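Colleague: One structure follows; several queries about it will come next.
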Amino acid sequence: MRTTTCLVMACAAAAVTLNSPAGATPAGSSQQRFREYVALGDSWAAGATFSQITTEFVPLGCVQSADSYAKQVAAALAVPQFRDATCASATTSDLTEPQLLPEGTSNPPQFDRLTADTDLVTLEIGGNDAGLAGIVPKCVTTSPTVSGCTPVRTAADGGDRMSANIRAAEPKVVAAIAGIRSRAPRARILLVDYLAGISPGRSCYPQIPITAEDANWLGHKLIELNSMLARVAATTEVEFVDTYTGSRDHDACRPDGVRWVEGLVPYSTAPHGPAVPFHPNQLGANHQAAQILNTLRN
């Protein structure tokens, strides 16, 4: 999700290693072999990190990890051609238009990496279209009993602003799938959901300075976002990769080494170094890589 303008979360045995995701299918197995893999998406797909940024595929401002889940998948499958277009702050519009980055450069339209020969695509998008990442820092409060979210939770018509945003994002994600199909008609398309950053019914003030009520609300909005992505996958007949369910006991309130999404304090031990707040750490990326590989085996 968005990292450039705002604060940017199974079990350990299911996590994959840094160099070879757990359970990767060996060469020569009966698993489908892919020739050209393209990864699309926002910062949660880019594996946003400040300690292992790579500019191999995108400019520096995309904050793309050298060991993101897409790179793990590409390595595990030994894909001959791999392109990672994922970029921090990306919305669905950045799939078809250049994305201007803070340092003044731009990431070309992500769809530019697709070709008629592309046979595998992963897509994780929609969080920035819905504005979920942008609202999290607005919920931060100096009191465990005073909501920071209240001013931004309610729309002008009295409804839930975030629910309305998620509904509005749905046709954009549907259109994104159609755009992939038109450019890569042979591709197997996987739509990836978001990890459990904040879980309903679980808060940890002041570790994450958000009231219990607001944390519960945010947790339910994340579920709504993922439910929308699941609907899109069903509607467009692409494969849905559920990474959320296995991450529910690994949200940002969990101890270091257990959580798969970082909290407000921008430091992680997975990997060691500065982290992007409210974004997956390496353990989270490992889990997502494992879930994608499991999906591809089916």
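Backbone N, Cα and C atoms are what each Cβ position is placed from, and that goes for glycine too.
Automated prediction, rather than curation, is the source of TrEMBL annotations.
Features from TrEMBL:
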ACT_SITE  Ser43  active site, nucleophile
ACT_SITE  His279  active site
DISULFID  Cys62-Cys87  disulfide bond
DISULFID  Cys139-Cys149  disulfide bond
DISULFID  Cys204-Cys253  disulfide bond
DOMAIN    39-284  domain 'SGNH hydrolase-type esterase'
Colleague: How far is it from Cys149 (disulfide bond) to Ser43 (active site, nucleophile), counting Cα to Cα, in Å?
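Modeller: Cα of Cys149 (disulfide bond) to Cα of Ser43 (active site, nucleophile) measures 23 Å after rounding.
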Colleague: Just checking the recorded positions Ser43, Cys139, Cys204, Cys253, His279: which sit within 10 A of Cys87 (disulfide bond), CA to CA?
Modeller: Ser43
Colleague: Quick one: Cα separation, His279 (active site) versus the residue listed as 'active site, nucleophile', in Å?
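Modeller: So the Cα of the residue listed as 'active site, nucleophile' lies 8 Å away from that of His279 (active site).
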Colleague: Does Cys62 (disulfide bond) have same-chain partners at least 6 apart in sequence with Cβ under 8 Å from its own Cβ, and which are they?
Modeller: Ala46, Thr86, Cys87, Ala88, Leu101, Asn107
Colleague: I'd like the Cβ neighbour count for His279 (active site), meaning other Cβ atoms within 10 Å of its Cβ, all protein chains included.
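Modeller: Within a 10 Å radius of the Cβ of His279 (active site) lie 30 other Cβ atoms.
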Colleague: Which residues does Cys204 (disulfide bond) neighbour through Cβ under 8 Å, counting only same-chain ones at least six apart?
Modeller: Ala252, Cys253, Gly263
Colleague: Using Cα coordinates, what distance in whole Å links Cys139 (disulfide bond) and Ser43 (active site, nucleophile)?
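Modeller: Their Cα atoms are separated by 20 Å.
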Colleague: Once the chains shown are all counted, how many other Cβ atoms turn up within 10 Å of the Cβ of Cys149 (disulfide bond)?
Modeller: 23
